[in-house]
Every structure is written in C-alpha cells, then in structure tokens.
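Undergrad: Mind looking over this structure? Questions follow.
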Amino acid sequence: VHLTAEEKSLVTGLWGKVNVEEAGGEALGRLLVVYPWTQRFFDSFGDLSSASAVMGNPKVKAHGKKVLQSMGDGLANLDNLKGTFAKLSELHCDKLHVDPENFRLLGNVLVVVLARHFGKEFTPPVQAAFQKVVAGVATALAHKYK
C-alpha cells in the first residue's frame, strides 16, 4: 500500500486510539448481520440467529478482537502487507476456503465502525487513508488465491 507520510500519520494516530475489542467485535458482528452468508464460516460460534444474538455473541467479539489485532500488525508493517498476512492468507484460502471478497467487505464495514466511533475526528482525509489500508489488507489476504 502506498501511503504518503501524512496518510501514515493519520492512520497510525487514529489507530492508537482504537479499542480493538470493542471495534473488532462490532465490525465482525456487522459483517455477519449485513452479509449473512458470511455466517457459514462461523458455525462453531453458536447463536447467530438475529442481529442482537450476533452482536452479543462472545465468540464474535473475541474473533473480531483477533481480526483487529492482526490489522494492527498490518499497520505496523504497511510496506510488507503480503508478508505480514501470508500465513493468514494461506489459512483463509487453503483451509477455510473463504471468498476473498469477504475481506473487502469486512474492510469497508471496519471503516464505517471507525467513523461511528470517532465522529468528527474521522475526517475525509482519515477515511481516504483507511480505505487505502483496508484495500491493501484485503489484497494481501487474497494473495494466496491468485
């Protein structure tokens, strides 16, 4: 991902304030609610029968936190996203058979969640920089599919 120095600063500055547990659970939960076909990858998570069940599900929250912790690893290695996400790409491609489009969807949901959490602090330049990052992460995660 090519980010200017200013964009990197905007992304890392905001990311330092993100509550990964809260935002991660919300982002994954929203993905599962808005795109219900993604639930098939989470059969072991128990009750996903309604929006409130999904959003209150402790396994959704825990996995969402894990997802955002990985995102943090990516932000620390913006110049090597493919390397950073190589093992996760392999897992999601070879073992879990996740449609790579889901990575893009989750990235877009994450941008919405961050906008909701940060309000006016999530300025258009911050959003634009985050869109670049989540697109780069989605591409890195889809790398093994090519």
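Placed from the backbone N, Cα and C atoms, the Cβ positions cover glycine too.
OK, Swiss-Prot features for this one:
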- VAL1: N-acetylvaline (MOD_RES)
- 2-146: domain 'Globin' (DOMAIN)
- THR12: phosphothreonine (MOD_RES)
- SER44: phosphoserine (MOD_RES)
- LYS59: N6-acetyllysine (MOD_RES)
- HIS63, HIS92: heme b binding site (BINDING)
- LYS82: N6-acetyllysine (MOD_RES)
- CYS93: S-nitrosocysteine (MOD_RES)
- LYS144: N6-acetyllysine (MOD_RES)
Undergrad: Pick out which of the modified residues THR12, SER44 has the most other Cβ atoms within 10 Å of its own Cβ.
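TA: The largest 10 Å Cβ neighbour count belongs to THR12.
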Undergrad: Between C-alpha atoms, which of these modified residues comes nearest to VAL1 (N-acetylvaline): THR12, SER44, LYS59?
TA: THR12
Undergrad: Could you tell me the mean pLDDT the prediction assigns to the domain 'Globin' (2-146)?
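TA: Mean model confidence (pLDDT) across the domain 'Globin' (2-146) is 89.
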Undergrad: What does the structure give for the C-alpha distance between THR12 (phosphothreonine) and CYS93 (S-nitrosocysteine)? Integer Å is fine.
TA: 28
Undergrad: Test of understanding: give the count of other CB atoms lying within 10 angstroms of the CB of the residue listed as 'S-nitrosocysteine'.
TA: 17
Undergrad: With CYS93 (S-nitrosocysteine) as the reference Cα, tell me which of the recorded positions LYS59, HIS63, LYS82 is the closest one.
TA: LYS82
Undergrad: When you measure from the Cβ of HIS63 (heme b binding site), how many other Cβ atoms are you left with inside 10 Å?
TA: 17
